[in-house]
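According to TrEMBL, the protein has these features:
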type: DOMAIN; residues: 3-101; note: domain 'SRCR'
type: DISULFID; residues: CYS72-CYS82; note: disulfide bond
type: DOMAIN; residues: 106-201; note: domain 'SRCR'
type: DISULFID; residues: CYS170-CYS180; note: disulfide bond
Amino acid sequence: SALRLAGGRSRCEGRVEMELGGTWGTVCDDAWDLADGDVVCRQLRCGRAVSVRGGAAFGRGSGAILRDEVGCEGHEEHLWECPATPEHDCSHKEDAGVVCSEHQEWRLSGGRDGCAGRVEVFFRGTWSTVCDSTWYELEASVLCRTLGCGEPLRRLSFSHTLPGRMLYECESHQPSLALCQWTYNKSAPCHQSRAAGVVCNGMTP
């Protein structure tokens, strides 16, 4: 058996899909709760569940619906160890999903549109700012591309007003900042930093 999340913005967010006997299928959202999500997130090394979603929030899957009425207690190592009923009365519009704590997503806030402003990252259930001490052209370029906003025109600095702080260091053009080196809430490298911002040359798609 195998497990994956699909339709999300990272491997740690999305529609829950599992494999049984060589075919992939989905899980119905009946009785889907945080304990079930915790097992999925831990199994995928994505931390814990920040929120669980039903109603095909990450799009409708295809194939069989392999589990209904999942009843994990939260300590199980694998989703298929949890009690569930294989018979179901569900359709893919009830596909279950989860957002795990290790999921990272980004936004630019305070600019004229979503392609300019202060860099903010959603991680472990909260929005944080990014320290500009290692925020260079490469990091800005990775972010602008990830957001579908083209390339960076210039970098800006703002005040840190959110509780958390993230630091990114990229060594090459990664498809996402999450694949660069990052440290979260470590005070030393962020000491005396300002909050990173960027103006990308594109418009919000």
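Placed from the backbone N, Cα and C atoms, the Cβ positions cover glycine too.
Local packing around the Cβ, expressed as the count of other Cβ atoms within 10 angstroms, is greatest for CYS170 among the disulfide-bonded residues CYS170, CYS180. Across the domain 'SRCR' (106-201), DSSP helix (H, G, I), strand (E, B) and coil residues number 20 helix, 42 strand, 34 coil.
CYS82 (disulfide bond) has a Cβ environment of 17 other Cβ atoms inside 10 Å. Per-residue pLDDT, averaged over the domain 'SRCR' (3-101), rounds to 95. Using DSSP to sort the residues of the domain 'SRCR' (3-101) gives these counts of helix, strand and coil: 16 helix, 35 strand, 48 coil. Distance noted between the C-alpha atoms of CYS170 (disulfide bond) and CYS72 (disulfide bond) is 38 Å. Annotation for CYS72 (disulfide bond): same-chain Cβ neighbours under 8 Å, separated by at least 6 residues, are ALA35, ASP36, ASP38, VAL39, LEU79, CYS82, PRO83.
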